[in-house]
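Chemist: One structure coming up, written as structure tokens, with questions to follow.
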Amino acid sequence: MGNAEYDEYPNPSSMKGENRKKHQVEIPPPQPFLKSLKNTVKETLFPDDPLRQFKNQPPLKKLKLGVQYFFPIFEWAPRYTFDFFKSDLISGITIASLAIPQGISYAKLANLPPILGLYSSFVPALVYAVMGSSRDLAVGTVAVASLLIASMLGEEVNPTDNPTLYLHLALTATFFAGLFEAALGIFRLGFIVDFLSHSTIVGFMGGAATVVILQQLKGILGLDHFTQSTDIISVLRSVFTQTHEWRWQSAVLGFCFLFYLLAARFFSQKRPKFFWVSAMAPLLSVILATILVYFTHAENHGVQVIGELKKGLNPLSITDLSFGAPYLSIAIKTGIVTGVVSLAEGIAVGRSFAMYKNYNIDGNKEMIAFGMMNIVGSCTSCYLTTGPFSRSAVNFNAGCKTAVSNIVMALAVMVTLLVLTPLFHYTPLVVLSSIIVSAMLGLIDYNAAIHLWHVDKFDFLVCMSAYFGVVFASVEIGLVIAVALSLLRVLLYVARPKTLVLGNIPDSNIYRNVEQYPNTDTVGGVLILDLGAPIYFTNASYLRERISRWIDDEEDKLKSSGETLQYVILDMGGKLTSHSFMILKFDRQTLW
């Protein structure tokens, strides 16, 4: 390029004279390969430098810090107070009232025995309370992961014809999901999950929620036979080709409880102090529906019920994990896909509440915690768990202080498993469908989609692509489309960065885009360009062509006033850091 000189405080008005302060910059000496590699690995995988706390510490202190790092409960437990316990007790009981009906509902959504939903709210919650770093996250099963398990495993094994093999594959997929999550945390590869952008998650979650709602028409209408496909065309065809099998009793019961659940949530949103009204609504719906079916014998009139639930704590299932060749690939695939989705949701929820309460959580430690609770869960008859937003929001609004609220919830579920499971025999499936529909309506965030339209059209395209991919194709295809578009966005940002002409805002040292700020001042003969990304081999040719075009446009403007272009200033600093300027003495023959 031309003669490069760096100015400490560049000012376009000083370019007319020669009294500016110059710094001649020499090429730095090359660094040893191993040192350069070490620095690169450290900056990439260890930006928070987790080993700093171990420096210059005696062996016992290092052991203590190591235990506290992997088991955060030993860090905050010595400071735990009775006031904290009172808040956590109330929060734990509140989220237990939500976890019990939701757990049963989501297990049915995954085509698994309902009792697994209760199992999955017991052991994983205890594991997370010991290993998790979030104070507000409430652990449990989620609808989207349940739907993914049902759709992906259902393609290989029919849960009705071979329920035992299907259950074993679900537990094996949970094991691989936990293994994958823990590996990401141990090897500090959590940044991979960040490729699921906000727009991707909004579209994917909205599409998955729409599919789940449509799937619940089976329970609400009391249908015995239903399609295994998840796309909207197959679901609607299955519904409307069986109009002769619709049961009006089931439909009336379902829509009545759905109206009650939505009304309770609307009331709690309008009056946040009464959050418990919405939180208790699902359990109250289950109790009322069970009593109604029991006394009216509605099960003899087309209303399907849960039936017998096995009493007792989680049985060991380590021998049920299926590593046989015929189905191992689908178990690994399902585990990785559901693991990524549940990680994205759980970490996003944990970070949101942590930011609100002004404390930090370590994403890699969270991944290890999620991974371990799913590995342990798969060995104790639990399927995939994470930190669902609805349950965590209730936990937060109930005033939780620490992860002890998860322990309280687990103990409440334990009592239910030991004593109360026979009471769910007459619980109608239709009320579980109503609970799922009510929860899924909250995941369709149309306000976020509208905001994306106003802010960034490409992000809106990613969001809608994920949504329509899930709704009209399948959950997996929608996720692949969304991730592919997000990666394309990253590549375009690097390969085709924006370049802007900057001008000086009058009476200030601030420079802004001349198109957005028409009142900015420019100096004749000086062109200031802002490069939107670092210069890489992928964008070097593009930037050369784009800068040349800016130069041509600037020269055309200056010809009318008889001036010539003398300097090109390239602003190559980051948006949030101090700016770095390169001032080039303009010479078209030697510029490149």
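Placement of Cβ uses the backbone N, Cα and C atoms for every residue, glycine included.
Note that the coordinates shown come from a computational prediction; the quantities given were computed from them, not determined experimentally.
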Chemist: Under TrEMBL, the annotation transmembrane segment belongs to which of these stretches: 89-106, 521-538?
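Modeler: Based on what TrEMBL states, transmembrane segment spans 89-106.
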Chemist: Using a Cβ distance cut-off of under 8 Å, indicate which of 246-267, 325-347, 406-424, 466-488 has the most pairs with the transmembrane segment (199-217).
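Modeler: The stretch with the most contacts is 466-488.
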Chemist: What stretch, picked from 89-106, 166-187, 274-295, 431-454, has the most CB pairs under 8 A with the transmembrane segment (325-347)?
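Modeler: So the stretch in question is 166-187.
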Chemist: Applying the under-8 angstroms CB criterion, which one of 137-154, 367-386, 406-424, 431-454, 466-488 scores highest with the transmembrane segment (246-267)?
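Modeler: Answer is 431-454, with the largest number of Cβ pairs below 8 Å.
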Chemist: Can you work out which residues elsewhere in the same chain, 6+ from the ends of the transmembrane segment (406-424), have a Cβ less than 8 Å from its Cβ atoms?
Modeler: 88-89, 91-93, 95-96, 99-100, 103-104, 114-115, 118-119, 121-123, 125-126, 128-129, 132, 137-139, 286, 290, 306, 308-314
Chemist: Using a Cβ cut-off under 8 Å, which residues of the same chain at least 6 positions beyond either end of the transmembrane segment (274-295) come close to it?
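Modeler: Those are 94-95, 97-98, 100-102, 253, 257, 260-261, 264-265, 267-268, 303, 305, 394, 397-398, 423-424, 426-428, 430-432, 434-435, 438, in sequence order.
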Chemist: Could you tell me the mean pLDDT the prediction assigns to the domain 'STAS' (516-574)?
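Modeler: Its mean pLDDT is 85.
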